[in-house]
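As C-alpha cells, the structure follows; a few thoughts come after it.
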C-alpha cells in the first residue's frame, strides 16, 4: 500500500516525535506583567508616606538635639560662646541666656556646651535601635510579608512618637526614642523592597529617585519650623505614621512575595485585583499570567521541597554573593558616616538650620530627578557609573573642607564650607540609590529582604558612628573630613571592581538548589543567582 507523504509525516510524528523539534515557549517573568497604572499610583502614595515616616524619626534629632548658643548667664554677657565660664556662673544660681532656632531637648533639659555631647550620644543609642529593628523586621518580612510588617512598623512608630512627646526627662525620652527607632528600622528596610517589587522594571530607577527622602527633606524642615518645639514635632511624627497606616490598608501584599512563598492562589487573586484597578482586561495577558503562575508553582515545589527557611547565611553562600554583600555593607557604612556625621552637626554650619535642611533637600531631589531621567533615557547610565560619579564628587567636597579647616580658613570661607557640606550630604542620596538598587536587583526574592536588611543594618552602623566620628574635631577640625574622604575612596574602588552592573536585570525569585550553591563555593562556577 502506498501512503501519501503527508500521511508518512504524520505517522512519523506519532511514533518518533516531530522531525523538527519546536522550541519550548518561554514563560514570562513576573516583571513583564507589572505595568504602570492606578494601582502603581497608590503604591507611590504609600511609598511617600513611608519615606516621610522614616525620615521624621531618623532626622528628628537634627532639630530636637540641636545645640543652642550660650550668650551669657544672668546679667553676665559673653563676647563669644564661652562655655568655660558658664559652669562656674551656673553654680552661683544664674540662669543661662540662650539663643536657639528650635526649642530642643538640650534647651528644655539644660544640656548645654560639653553636656550637649550627652544628647549626641543619645542619637547613637537611637540609631543602634534602628539597626536592631532592621535586623528583626527584615527577616520577619521574608516570613510574614512586606505589607503586614510595614503596618506593624508604622503603628509602633506612631505609638512611641506619641509617648516621646510626653517624656518628663531625658531618661524617658531616650527610652521612647529607642522603641520608636526599633519600628523605624523595620520600616526603613522593608519599604524599598515593597516599592521595587510593585513598580514596573523600566521605571524602577526613575521612581526610586523621585519617591525618596529627598523631597521630604524639603517638607520636614517646614514641619519642624511650625512645630518649633521637640514635643510638637513628636506629635507631628505620630500623625504622619497614622496616615501611612491608612494609606497602606488600601494596597495588597506584594504578589512576588506570595509567589515566592508558594501562595499561588492568593497571588492569582492579588494580580487579578491589580489588573482591575489598572483597567487591564486583556485576555491574552491573563492567560500568560496563568502560565507564569503554574511555572512558578512547579519551581517552588521543586526548589523548596527539601529546603529550610532562609537566614543571613544564605546571602553569603557563594563566593560572589559573599563578595557582593561585604562590598555593599562596607559601602553603606561609609555613606552613612558621611551623611549622618554632617547631618547631625548641621547646627554648626553658618545660616539657618531650617534653610540649610531645605536647601539640602532641594539639591538632593534635583540630583535625584536628573539621575532618574538620565537612567531612563541613557542605556549606559547604570548603577556603577552613578556610584562612581557621586563618590568622586564627595571626595572632592570633603578634601576641600579639610583643606580650609587645616589652614584655618573656616571663618573666611564659611559659606564655601556650608555649600560643600550640604552638597556632599545631598550627593549621598545618589550613593544610597546606586547601592540599594544594585542589591535589590542582585538578590533573589527569597533572600532579597534579608540582603537589604543586611545593608540597612550596615547603614545604621554608620549612623551610630557618624556623630561620635566628629569628636575627632577636638584634635583638629580637619580630621573628621580627612578620615571620611579616605573611607569614601576605598568604597569607590571596592564598588567599581567587586560588583557587576545590574541595570535592566530581571529579578530572580529563588536561590539555586542547595547542591549547586555548594558547588559554586568549591569551584566558583556561576550559579543561577549569579
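Cβ coordinates are placed from backbone N, Cα and C, and glycine is handled just like the others.
Automatic prediction, not curation, is the source of TrEMBL annotations.
Among the features that TrEMBL reports, domain 'Major facilitator superfamily (MFS) profile' is placed at 40-503.
Marked as transmembrane segment by TrEMBL: 33-55 (among others).
If one looks beyond the transmembrane segment (148-166) by at least 6 residues along the same chain, the residues whose Cβ comes under 8 Å of a Cβ in the stretch are 50, 53, 56-57, 133, 137, 140-141, 173, 176-177, 179-180, 182-184, 186-187, 190-191, 194, 231-232, 234-235, 237-238, 241-242, 244-245, 248-249, 253. Taken from TrEMBL, the feature transmembrane segment covers 148-166 (among others).
Nonlocal intrachain contacts for the transmembrane segment (172-194), taken as residues 6+ away from its ends with a CB within less than 8 angstroms of a stretch CB, comprise 47, 50-51, 53-54, 57-58, 60-61, 105, 122, 125-138, 140-141, 146-147, 149-150, 152-157, 160-161, 163-164, 208, 237, 254, 436, 440, 448-449, 452-453, 456-457, 460. As annotated by TrEMBL, transmembrane segment applies to 172-194 (among others).
Counting only same-chain residues 6+ beyond the ends of the transmembrane segment (206-227), those with a CB under 8 A from a CB of the stretch are 44, 47-48, 51-52, 54-56, 59, 63, 102, 192, 195-196, 199, 233, 235-236, 353-355, 357-358, 360-362, 364-365, 367-369, 371-373, 375-376, 426, 429, 433, 436-437. Look at TrEMBL and you will find 206-227 (among others) tagged as transmembrane segment.
Per TrEMBL, transmembrane segment is recorded for 233-252 (among others).
The feature transmembrane segment is assigned by TrEMBL to 328-346 (among others).
Annotation source TrEMBL lists transmembrane segment at 358-378 (among others).
Residues annotated as transmembrane segment in TrEMBL: 390-409 (among others).
The transmembrane segment annotation in TrEMBL covers 479-499 (among others). Sequence-distant contacts of the transmembrane segment (479-499) (same chain, at least 6 residues past either end, Cβ-Cβ under 8 Å): 323-324, 327-328, 330-331, 334-335, 337-338, 341, 383-384, 387-388, 391-392, 394-395, 398-399, 401-402, 405, 434-435, 438, 442, 469-470, 472-473.
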